[in-house]
C-alpha cells in the first residue's frame, strides 16, 4: 500500500458558475464534480460562485445579466456557463411584468463586455463507435477546431429595424486589428501541434468587402508572422459543402467571422454524433501562458423539451477540461479529464443520445474516478519517459537536466 500523500493548498482559483436555463444548472453540476476531484488531487483550491444569466436572471433580477454579475465575472479566473434561453415561444417575465427582454442578450453582453473575441469549438470523434450515429458519412478521422471571431461582424454592427417602410438592414463591419488578433489565435493553436496544423480561413471574398479585408489581413499576418504555417482560403459556401462531403479534408484550425462561424459550427456539430459531445471556449487573449481569461460552455442549448437527468453532460465536462488547460494552467489535469471522457464513451457509460442508458448525474459521478486513474497513468508514463531521457543524456555526455532541441 502506498503511503498517503498529504496535499497542501498551493493555489486558489475563482470560477464563476452561470448555470442559466433549463438543463444548464444540471450540466454545470456535473462539471463541478469533476473540477472538485481535480482540485483534491492537485492541492489547488477552486472557489465557485453561482450567478444568474438568461431567463433565470430576467425572472429574478429583471435583466438577462446584471452589472453586478458582470463585475464578479471580470474579477474571476474563469467562467463556466450552462445554457441560455428556451423554446422559441418561451415567455420570460421580469419582476415588474415586462416580457420584451430576451435571455440571449445576456450572453451577447457578457461576450462583448469581457472582450471574449475568440470562440474555439473542437470537433472530433471521441470514439470510432460513434461514427454510425453521425448523419454524415466519412466522418472517421475528423479533427479540427473552429475559431470563430465573436465580438465583431454583423451581430454587433449597425442595425435598422423595419419602421413600417418594409426595409430592415444589418451591417457587417470588421477592422484590421480585429482580424489580426483572431488570425494570431488560429496560428497559436496551429503551432501547439507537431507538425503544425494547417489553417483554413473561411470568407465570402468574391462578394463581400468585409471578407476581402478579412482575407487580405489573414494572409498578411500568417505570411509575415507565421511563415511556417500552411494557409488555405475557402469560400464559406464551398467549405459548408466540404464539411458534409468529406469533413476530415478540413482538419486543422478553421478561422472565420462571427456569423459564418455561428453557422458552420452548428453544421459541424452533427459530425461527432451528438451536440452533447461538443465543448467550447471563448477567450479574451492568447493562451500562451495557459492563463487566458475565458468563458467555457457546451455547444448545445438549454434543451427545454427534455426531462430532468436526460441531457448529456460530456460537452460541459470537456469544456471544463479546456478551462483547465487554457485558463487555469493545469494542462495535465485537462488531458486526464479528456482521456476519462473517451474511456467512458468507449465503455458505453453514456446518456441515451449516444446509445447509453445512464442519467446525466450517473455519467458525472463516474468521471472523477476515471480522471484520477488517467492522471495517475499519465504521470507514471511521464516518469518512465523522463527516466529514459536522463539515461540517454548521460550516454551522450549531456547533463541530465539540460535541454535538448
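Just so it is clear, glycine is given a Cβ too, placed from its N, Cα and C backbone atoms.
Note that the coordinates shown come from a computational prediction; the quantities given were computed from them, not determined experimentally.
Swiss-Prot has this to say about the protein:
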type    : residues           : note
BINDING : 86-104, 301-312    : NAD(+) binding site
BINDING : 111, 121, 148, 237 : substrate binding site
SITE    : 155                : site 'Important for catalysis'
SITE    : 204                : site 'Important for catalysis'
BINDING : 237, 262, 266      : Mg(2+) binding site
REGION  : 352-371            : region 'Disordered'
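Within the same chain, residues 23, 26-27, 29-31, 33-34, 36-38, 130, 133, 273-274, 276-277, 308-314, 317, 333, 336-337, 339-341, 343-345 sit at least 6 positions outside the region 'Disordered' (352-371) and bring their C-beta atoms closer than 8 Å to a C-beta of that stretch. Across the structure, residue 237 (substrate binding site) and residue 86 (NAD(+) binding site) place their CA atoms 29 angstrom apart. The binding-site residues recorded for this entry are 98, 266, 302, 306, 310, and the Cα of 266 lies nearest to that of residue 148 (substrate binding site). Put plainly, the binding-site residues 237, 262, 266 were compared by Cβ crowding within 10 Å, and the winner is 262. When secondary structure is read from DSSP and collapsed to three states, residue 262 (Mg(2+) binding site) falls in the helix class. The two recorded residues, residue 306 (NAD(+) binding site) and residue 111 (substrate binding site), have Cα atoms 27 Å apart. Here residue 302 (NAD(+) binding site) comes close to 20, 21, 22, 23, 24, 54, 82, 83, 84, 85, 86: these same-chain residues lie at least six apart in sequence, with C-beta atoms under 8 angstroms from its C-beta.
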